[in-house]
Amino acid sequence: MKAKLLVLLYAFVATDADTICIGYHANNSTDTVDTIFEKNVAVTHSVNLLEDRHNGKLCKLKGIAPLQLGKCNITGWLLGNPECDSLLPARSWSYIVETPNSENGACYPGDFIDYEELREQLSSVSSLERFEIFPKESSWPNHTFNGVTVSCSHRGKSSFYRNLLWLTKKGDSYPKLTNSYVNNKGKEVLVLWGVHHPSSSDEQQSLYSNGNAYVSVASSNYNRRFTPEIAARPKVKDQHGRMNYYWTLLEPGDTIIFEATGNLIAPWYAFALSRGFESGIITSNASMHECNTKCQTPQGSINSNLPFQNIHPVTIGECPKYVRSTKLRMVTGLRNIPSIQYRGLFGAIAGFIEGGWTGMIDGWYGYHHQNEQGSGYAADQKSTQNAINGITNKVNSVIEKMNTQFTAVGKEFNNLEKRMENLNKKVDDGFLDIWTYNAELLVLLENERTLDFHDLNVKNLYEKVKSQLKNNAKEIGNGCFEFYHKCDNECMESVRNGTYDYPKYSEESKLNREKIDGVKLESMGVYQILAIYSTVASSLVLLVSLGAISFWMCSNGSLQCRICI
C-alpha cells in the first residue's frame, strides 16, 4: 500500500508541474511545394509563380484594338486583294491577327519573294499611313493601267489588287518607262511591286509588244533587274501565267527608281510605317471581345503579374516568360504538420517535436504555457516579423529578377528553309529547356532554404528559453520544459520576453528537484523489495507444485522412486 501511494505521489508531482512549450503555427492549408530533397511538402503558406489560366479571348492590348485580318492574310492585305477591301482603312493596331486557314492572299498565282522577312518586319509595326506613291492618272501617260483578271474577281467582275497597277501597252506600243519617288515621309516606306511572267510569247506580245522586256528597280539599298520567264505552266486559279511579288523598305530621304520595257506590276499605294516594340503577329481562331489586357497569346489573353506562364510560347505585350513547367510554387510559410492535440488529465500539449499548433494564429513561432492560472498561446512577434520580412524580400527579389516581361513572336521561314526552321526549333527548344530548368531549380533551392530557415528559427527560440531556465526546469523531450517551481503568468511572460529572473526561482527549484529525486529513489527501493518477494514466492509455488505432481505419480505407479543407501 505504501508503494502504491509513493508511485501516485510521484505521478502527481510530475504531471502537475507548470510547463512551457516552443512551437510553430499550423493551419488547414492544402498547399504543397517541392524542394531539392522532397516532393509535395505540406506548407502553411506559399505563392504561385506560374500562370496557367487565360480567358480564351482576343482583347485590346492596353486599350488599343488588334488588326483582325479575318479571311485575309498578310499578303492579301498588303497587295490589296479585292476581297480584303475592309482592311484598306486600317491605320493602327496593337497586334495583327491571322486565322490558321485564311483564304484570301495573292489572288493571281505566283511567289511573294522574301515574304517571311516582310512578316518579321511587320511584327514590330504598330501603325501605317497608306498613300498614293504613283498617282494612277498622271504617272503612266503612255501606258494602259487598267489591267484586270478573273482570278481577282470582285462581286462577279474581273478586278485587280487595290495597291498595284497592271501596266500594259497603249495602242500597239509599250514605250520604256521611268518613274521615281523620293521618300519625304520622315519614316520608312514599304514599297511593293510585281513582275508578270506570261505563259507564251504570244501572250507577251499581246500584252507588252516587246519580247525582250525587263524591269529594273533601284534605291540606295536595293538594286535588281528582272526579266520575264516565259514558259508553259500548269493552270492555277485559271491562269497559266504567274506574278512574282517584291518589296523593299525605303529609308527617309532615299529615292526609288522604276524602269521597265514591259511586265511591270507597278506600285500604286505604298505604306509609311511606324514601329511599336510591343506589336506582333499571331495566328489564332479565338474571337474578339470587349476586354482589355496587357498580354495576349493565340490561346487567349493573360492578366497576371506572375513571372512565368505555361500557356503558349508566342506572346505579345508585357507577358510572363514561357516555361514547360506544370508547377512553380514558392513557400512563404512553414511546414504544415498539425499536431494531434489531445487533452489529458491536466490538458497537456506537446511542442514542436510533435508538429505545429493550429491554435496559434497571430504568429509563425511562439509558446504554449500551462500553469495554475490556465493555459494559452503567445506568438513571438519579433522572430515572426523578422522571418516575414526576410521571406517577403526574397520572394519579391526572385519575382523581380525573373519577371522580365516581353513579346515573343514566332520566326518566319519559307518552304525552302525547312532545315533552317528545324534547326531554329531545336535551338529554341534548347533555350526553353534551359529556362524551364533554371526556373524549377531556383524554386526548389529557395523552398529548401526557406524551410531550413524556419527550422533554425524554432531551434533558436528553443535555445533561448533553455539558456534562461537552466536547471530551474527540465527538458521533457517534445519541445517543452517542465518547471521545478511555480511559474505564474507574469513568470511565463518573463520567459517569453527574455527577462526571466533565474536566481529568484533557484531555491524553490532546488528543493522541488530534491523532493522529486527522493520520491523516485524511495519508489525504486520499494519496487526492488516487491520484485524480490515476488521472485521467492513464485519459486516456492513452483517447488510445491512439482512435489505434488511427483507424489501423485508415485502413488498410482506412474513413477517409481528408489532410494539407495
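Note: Cβ is positioned from N, Cα and C throughout, glycine not excepted.
What you are looking at is a predicted structure, and each value in this text was computed from that prediction instead of being measured.
Under DSSP, N27 (N-linked glycosylation site) is assigned to coil, being neither helix nor strand in the three-state scheme. Long-range C-beta contacts of N27 (N-linked glycosylation site), restricted to its own chain and to partners at least six residues apart, with a cutoff below 8 Å, comprise T44, N336, P338, T358, I361. Summarising the annotation, Swiss-Prot assigns N-linked glycosylation site to N27 (among others) and lists sequence analysis as the type of evidence.
N28 (N-linked glycosylation site) has a Cβ environment of 8 other Cβ atoms inside 10 Å. Annotated N-linked glycosylation site per Swiss-Prot: N28 (among others), in sequence order, evidence recorded as sequence analysis.
For N73 (among others), the entry in Swiss-Prot reads N-linked glycosylation site. Counting only same-chain residues six or more apart in sequence, the Cβ atoms lying under 8 angstroms from the Cβ of N73 (N-linked glycosylation site) belong to E98, S102, N104, G105.
What Swiss-Prot lists as N-linked glycosylation site is N142 (among others). Neighbour density for N142 (N-linked glycosylation site): within 10 A of its CB lie 13 other CB atoms from the protein chains shown.
The N-linked glycosylation site annotation in Swiss-Prot covers N285 (among others), and the record cites sequence analysis as its basis. In the three-state DSSP classification, N285 (N-linked glycosylation site) falls within coil.
Look at Swiss-Prot and you will find N497 (among others) tagged as N-linked glycosylation site. All chains included, 11 other C-beta atoms sit within 10 angstroms of the C-beta of N497 (N-linked glycosylation site). In the three-state DSSP reading, N497 (N-linked glycosylation site) counts as helix.
Marked as S-palmitoyl cysteine by Swiss-Prot on the basis of sequence analysis: C554 (among others).
If you look up Swiss-Prot, you'll see C561 (among others) marked as S-palmitoyl cysteine.
Annotation source Swiss-Prot lists S-palmitoyl cysteine at C564 (among others), citing sequence analysis.
The signal peptide annotation in Swiss-Prot covers 1-17.
Under the heading topological domain 'Extracellular', Swiss-Prot lists 18-528.
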Of the glycosylation sites listed as N28, N142, N497, the one whose CA lies nearest the CA of N285 (N-linked glycosylation site): N28
Other CB atoms, at most 10 A from the CB of N285 (N-linked glycosylation site): 11
